[in-house]
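To start, the structure under review is shown below, and the notes come after it.
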Amino acid sequence: MDVNPTLLFLKIPAQNAISTTFPYTGDPPYSHGTGTGYTMDTVNRTHQYSEKGKWTTNTETGAPQLNPIDGPLPEDNEPSGYAQTDCVLEAMAFLEESHPGIFENSCLETMEVVQQTRVDRLTQGRQTYDWTLNRNQPAATALANTIEVFRSNGLTANESGRLIDFLKDVMESMDKEEIEITTHFQRKRRVRDNMTKKMVTQRTIGKKKQRVNKRSYLIRALTLNTMTKDAERGKLKRRAIATPGMQIRGFVYFVETLARSICEKLEQSGLPVGGNEKKAKLANVVRKMMTNSQDTELSFTITGDNTKWNENQNPRMFLAMITYITKNQPEWFRNILSIAPIMFSNKMARLGKGYMFESKRMKLRTQIPAEMLASIDLKYFNESTRKKIEKIRPLLIDGTASLSPGMMMGMFNMLSTVLGVSILNLGQKKYTKTTYWWDGLQSSDDFALIVNAPNHEGIQAGVDRFYRTCKLVGINMSKKKSYINRTGTFEFTSFFYRYGFVANFSMELPSFGVSGINESADMSIGVTVIKNNMINNDLGPATAQMALQLFIKDYRYTYRCHRGDTQIQTRRSFELKKLWEQTRSKAGLLVSDGGPNLYNIRNLHIPEVCLKWELMDEDYQGRLCNPLNPFVSHKEIESVNNAVVMPAHGPAKSMEYDAVATTHSWIPKRNRSILNTSQRGILEDEQMYQKCCNLFEKFFPSSSYRRPVGISSMVEAMVSRARIDARIDFESGRIKKEEFSEIMKICSTIEELRRQKQ
């Protein structure tokens, strides 16, 4: 970018420039290779923090498990996971006392959700551990596979389409002595190619039925697959994140629904709201503390950091919290909510792909799968890896590690926030019974603590008491990484507060630029990002105008669509020049067709096609927006699309932008290299499921009808619908008798084929 950075700082106060010190420009770091090492680190660290707990063995799976609950109270500042049950329950009781009826009301709201949620709720989300294939899959495919397996094993409650009925099947599946699954495998054979007469490897994909006994099934059902967290800025080391399987997901969803409902009612919770709403909520708490700290009181704020939040949380503690929160509720509701924490207390972490070995001398590479780590000779590994493996060995079963304590990242964000807020709640004067008092904000593992007291000693005493109270519930405030300031300056979830929130503009930098979806979407997303930042992030008019010019420049270079009258030569310039010369109204050409840019900061809210429509030549309009044009992939034309925008920090955000379908809204085809691998069978299944879904939507155009999950139930629904429609059409004379009987014949054939398949 040809911008002199010093110009940006001429007229802004220093605290506004803090955001430019962030590692947010440029590409974020990605991980390569396997996540096995990072996962072992997580498992070993988690056990180390709880090492003084009690060891037991799971009777079903034989996995060794460590239980640190009610363990020894810490004597030093090292992080530890020894939460005390009675302290957690007491914190919950005080939270309820300060917010009468909060748990009761949230339970009622959740009960309603539990009874209404459909099983297709689980198709949301990206990669999911698919226990039938023992690898990650898109959520919809993983769910379809699970349901297919359940049905072929006689578990059919899920056919009602309600999530709660699917969860009944999950519970029953765990009691079965064995389960039959279909797996994909790959055969390789050497054959001679007729054309070249060379030997080539031919791959064929097969499916085979396999029986899994109760123990192996339970291990799979309790497994969290692990991957490396990508694109994390400001860190030297990568870390592992977990993706749970379909058995756990539904239960977690209900627990988080309950916790979300509680968080919405707590003024100290930074979840589930975001953006400007969150800023307003936080500003309220700060205002309260500053108005209450009369002239006699001091007020200080800690920008807090917790050490290894997830690894010191404990599912058994969450079970205690849920038991308390649901204390007067119906038995079925209490049971369904307690299953998630119980499953997490028995969870297994899958170690990923294993290690890759390379011999430079012999040019050989070989992969040691995670399953072999239990038995392989350790002389091949370097010292640090050897230590890791030695430590983890007692915990290994079938390539997964037993991991009872700890929570893994991002599983119970809402519920852990409730725990954090319950400690902030204890800072009221009626509980501290002394001259100091505290309040604050909590959002998952991030917190800000505001302490008020008559003098510095009081502030110190307040902070110490908060620190010790946290230790009792397994929260470890880091003394090294937290810092304290006079109230009025602090940071919370990357929002910087200085007598009001300062716009942290650099957070948004990565989302500027060309997304690379297609010409139409990229233009729309680019201007929407600039518009949104003018609204939310103090992006001033001059800077916005500059951002817009840079974006257009970037866009033209990306798609090689410089103006038709430019001197720049690219692969497209010949065609674009020709178009420019034939066009009467040149202002009507889209930027991607070599036209001029008509955007300025006043009209960013208008899609480019609409902005230029009146200026376009008629034949250009006809080519651009013609549903019969074979290059336009018209999905249904929605007025609003969602783009995934990467802010520099936190999860990818979904951002709405206006979508006008034109010849520029193409969808790229999938990379073909996958077709030669063992993933191919899985890909074919996925495509089949996709085709089936598309067909289904043609049969049931009404959006009020929710589609069932799994191919078999969809086929049943379509066949019966076809019969009904055919009968109505026949009786009203819209189709002839021959056509009617042909439709009936096809329906019977489909059913017959399905019976044979089963």
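Start at 1 and count along the chain as shown; that gives each residue its number.
Including glycine, each Cβ sits where the backbone N, Cα and C put it.
A quick note: this is a predicted structure, and the numbers were derived from the prediction, not measured.
The feature region 'Disordered' is assigned by Swiss-Prot to 50-76. According to Swiss-Prot, the compositional bias 'Polar residues' annotation covers 55-64. Summarising the annotation, Swiss-Prot assigns motif 'Nuclear localization signal' to 187-195, 203-216 and lists sequence analysis as the type of evidence. Per Swiss-Prot, the feature region 'Promoter-binding site' maps to 249-256. Residues annotated as domain 'RdRp catalytic' in Swiss-Prot, with sequence analysis given as evidence: 286-483.
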Per the Cβ under 8 Å criterion, with at least 6 residues separating them from its ends, the motif 'Nuclear localization signal' (187-195) contacts 201-206
In the same chain, residues at least 6 away from the ends of the region 'Promoter-binding site' (249-256) whose Cβ sits under 8 Å of its Cβ atoms read 110, 113-114, 117, 119, 121-122, 125, 128, 163, 166-167, 170, 318, 322, 336-337, 339-341, 343, 411-415
Model confidence over the motif 'Nuclear localization signal' (203-216), as mean pLDDT, sits at 89
Grouping DSSP H, G, I as helix and E, B as strand, the residues of the motif 'Nuclear localization signal' (203-216) number 3 helix, 11 strand, 0 coil
Reduced to three DSSP states, the compositional bias 'Polar residues' (55-64) has 0 helix, 4 strand, 6 coil
